[in-house]
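Report on the following structure.
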Amino acid sequence: MAYQVILPAAGQGKRMGAGKNKLLLELNGIPVLIHTLKVFEEDELCDGMILAVHPQDFEEFNVLLKKYNIHKVTGLVPGGKERQYSIYNALKTVTNGSIILVHDAARPFIRKEQIHRLIETAKKTGAAIIGVPAKDTMKKVQVGTVVETVERSSLWAVQTPQAFRISLLLEAYQKAEMERFVGTDDSSLVERLGHPVAIVEGDYDNIKLTTPEDLYFAEAILKKRQAPGTL
Ligand code: CTP
Ligand code: MG
């Protein structure tokens, strides 16, 4: 089933500390942004991409889209102060279609097969997210002291993409806006509607580039994909 994707790309990359948007950093000589966009450009089910972009990056992003022959971008919208506002700006411009994906531009390693599994689930349930079971033991801590060891088998680390029926995601965003709720992902807004959200098991290598050491992991993942079996 065809889908459109919103790619929030309007952050500042403060934790990466590169002095510019981390999406402009290069892996194998290609900007992180382009690595991510290529996945959707090459996915036959992707009907269009809407990018939320910080005004200071508009010009550079446009140059990159041309240089790397990215044709599926249907809109560039200005980002907001928070990720959620960036996505809402993009969501408001969606006028047709039935399934929308939200995917962090900072997660360049998402695979097409996973996107398709997610879409299939969202088609049935209205809302589906991708994630992986927690590997570490998790503890709840308050002021430097452990208060509880949380049962690990019920904990998942959640990633993007997250896929929704468009009308459902719009309703979730409208409610969040009205109630001034700001969540850390899109699913949390849908959960507040009382709508069930399905989880699809993804890959541990679908990392978000957040801090400088993530660039080392990224290089290793790229190397492995280019020469499978060497790591
Ligand atoms: N993002 C966005 N608008 C914002 C903040 C973030 O579109 N106001 C995007 C980022 O560009 C990124 C994704 O949301 O693709 C996930 O955010 P994050 O990893 O936090 O990136 P940054 O906000 O850029 O990084 P930091 O929080 O370290 O400044
Ligand atoms: Mg951020």
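A Cβ is built for glycine as well, from the same backbone N, Cα and C atoms used for every other residue.
Predicted, not measured: the structure shown is a model, and the values here were computed from it.
Taken verbatim from TrEMBL:
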- Arg15: site 'Transition state stabilizer' (SITE)
- Lys22: site 'Transition state stabilizer' (SITE)
- Arg152: site 'Positions MEP for the nucleophilic attack' (SITE)
- Lys208: site 'Positions MEP for the nucleophilic attack' (SITE)
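Features per TrEMBL, on structure.
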residue : record                                           : Cβ within 10 Å
Arg15   : site 'Transition state stabilizer'               : 13
Lys22   : site 'Transition state stabilizer'               : 26
Arg152  : site 'Positions MEP for the nucleophilic attack' : 13
Lys208  : site 'Positions MEP for the nucleophilic attack' : 15
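Take the Cα of Arg15 (site 'Transition state stabilizer') and measure to each of the recorded sites Lys22, Arg152, Lys208: the nearest one is Lys22.
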